Amino acid sequence: MVRITEDLVRRRAEHNNCEIFSLEEISLHQQEIEKLEYLDKWCRDLKILYLQNNLIPKIENVGKLKKLEYLNVALNNIERIENLEGCEELRKLDLTANFIGELSSVETLKYNIHLKELFLVGNPCTDFEGYRQFVVATLHQLKYLDSKEIERSERIQALQSYPEVKQKIREQEQAYLLKRAKEKEEAQRRMRERKDRKEKQMEAELGLDSPDSLQYKENHQTEGEREQQMWRTAEDDEEDRRFWEEPTPYTPESRLETHRYIEEKRKAKDNIRGSKKREKPLPKLVTAEGKVLNINMPKLHFSLKDDEENNQFILDLAVYRHLDTSLLDIDVQPTYIRVLVKGKTFQLVLPEEVKPDSSSAKRSQTTGHLVVSMPKVKEIILAKQKLSTSVKPSNSNTTQKSTRSKQVEKLEVDPSKYSFPDVTKIIPEKEQIGQGPIKLQPEKIKETMKISAAYHQSGWQVIQLKPASLIWRFES
């Protein structure tokens with residue numbers, strides 16, 4: 001039997017940070033719940049409660065929910081309306097597709113003065129003659145019945161014919177209750193027959209009806225298992241066909257029986273699948289000859305460092321950052337180290353023997369890596385001990401260097417000893433021959449003036465038209 005648990009309620013209260021004491025709305029639909037309980041103690045502030053499509057046979061343990069405004073218990077096994085008098089703020093009640101045959105139980109809703117909407121569609125009571133008139137006349141506070149608005153004229157007519165309708169409803173209720181009693185007896189009979197068939201099937205499977213079955217199993221075990229499996233599948237198919245083809249009335253018992261039958265078949269299939277799954281063989285950590293193997297089942301990156309200064313080995317294992325440290329198990333042996341990471345083995349053979357008692361393990365808070373320090377058994381004398389005597393002069397040298405560094409010294413270079421070539425005189429100067437601006441060539445201008453004076457004396461005139469051309473003209 002599935003019941004309401006605190007864990008289920010907390011999982012359904014994720015929108016309220018999994019807090020149930022201040023919960024105002026919760027949905028527990030399709031959870032196969034068979035009993036309504038604990039909600040009136042855990043969730044006193046509930047305003048909306050969804051419980052549709054379960055196996056609840058009775059409305060109970062909700063009377064202390066004073067703030068409850070909407071209750072949905074559609075598609076359940078409820079047969080009468082009860083235990084809702086304490087829900088003072090109830091405004092909407094959904095009882096669709098239940099098994100309510102006692103329509104007179106609607107009278108218990110008179111005390112819910114704020115009730116405005118009521119849904120009874122899909123219940124046996126809706127087939128009664130005068131069903132709507134009886135409900136409208138009984139519950140004066142209702143505004144809607146089965147999603148249909150109740151008009152004032154309809155209420156007046158229902159009140160006028162209320163005594164007659166009430167008598168008819170009582171008679172139909174009695175007939176329905178007799179029918180339900182027969183249905184319950186028929187359901188019990190089917191349950192007994194099914195139980196007997198199941199017991200016979202169990203006896204046949206155990207082989208209690210055949211005295212030579214044990215000897216037969218010992219001699220022909222594989223053949224017997226195959227035949228037994230084939231017989232089981234055929235028997236299961238026959239049982240399924242008989243169960244689903246057998247006509248049964250739609251009652252709370254048949255609905256519950258169908259649910260339990262499906263649940264049994266589901267569990268049987270899960271058991272078969274579980275038996276078929278072969279357990280994985282454990283990895284070999286040590287060979288038959290006693291040789292330890294290197295194994296990395298979690299497939300983690302690692303590094304093994306030989307710290308000669310401290311005479312130890314350091315293993316850095318890249319464990320997942322968010323993995324809880326309680327899921328790590330470290331075992332240091334003289335010749336190897338073994339780490340279990342969530343049950344998966346990491347094993348590494350060490351180059352030299354170490355001291356397990358002096359080993360230590362740490363976990364990085366930033367990267368999550370596991371660092372294991374393993375001191376070596378053989379002690380090594382390092383060169384630091386020899387340098388202990390030569391450390392003293394080094395102190396004096398350092399003091400001298402520190403005093404010298406405080407004095408500022410300048411370096412002078414003798415130019416006679418060190419001569420540097422003049423870079424500006426690497427390329428020799430070239431004489432400019434008539435190119436460039438005239439003012440940069442004063443010597444050429446003087447020469448031209450001398451030539452022009454000489455030619456004037458001889459009767460020639462020099463005319464300069466362009467900087468690069470000279471024209472000669474003869475004067476008579």
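Just so you know, glycine gets a Cβ as well, placed from its N, Cα and C.
Sequence annotations record features per position, and here TrEMBL assigns compositional bias 'Basic and acidic residues' to 180-203 (among others).
Summarising the annotation, TrEMBL assigns compositional bias 'Basic and acidic residues' to 215-229 (among others).
Look at TrEMBL and you will find 388-402 tagged as compositional bias 'Polar residues'.
Per-residue pLDDT, averaged over the domain 'Dynein axonemal assembly factor 11-like CS' (255-376), rounds to 88. The domain 'Dynein axonemal assembly factor 11-like CS' annotation in TrEMBL covers 255-376.
Annotation comment: TrEMBL describes 180-251 (among others) as region 'Disordered'.
The region 'Disordered' annotation in TrEMBL covers 388-412 (among others).
Only residues 6 or more beyond the boundaries of the compositional bias 'Basic and acidic residues' (180-203), in the same chain, are considered here, and those with a CB under 8 A from a CB of the stretch are 79, 101, 209, 235, 239, 248-249, 251, 253-254, 257.
In the compositional bias 'Basic and acidic residues' (180-203), helix, strand and coil residues by DSSP number 24 helix, 0 strand, 0 coil.
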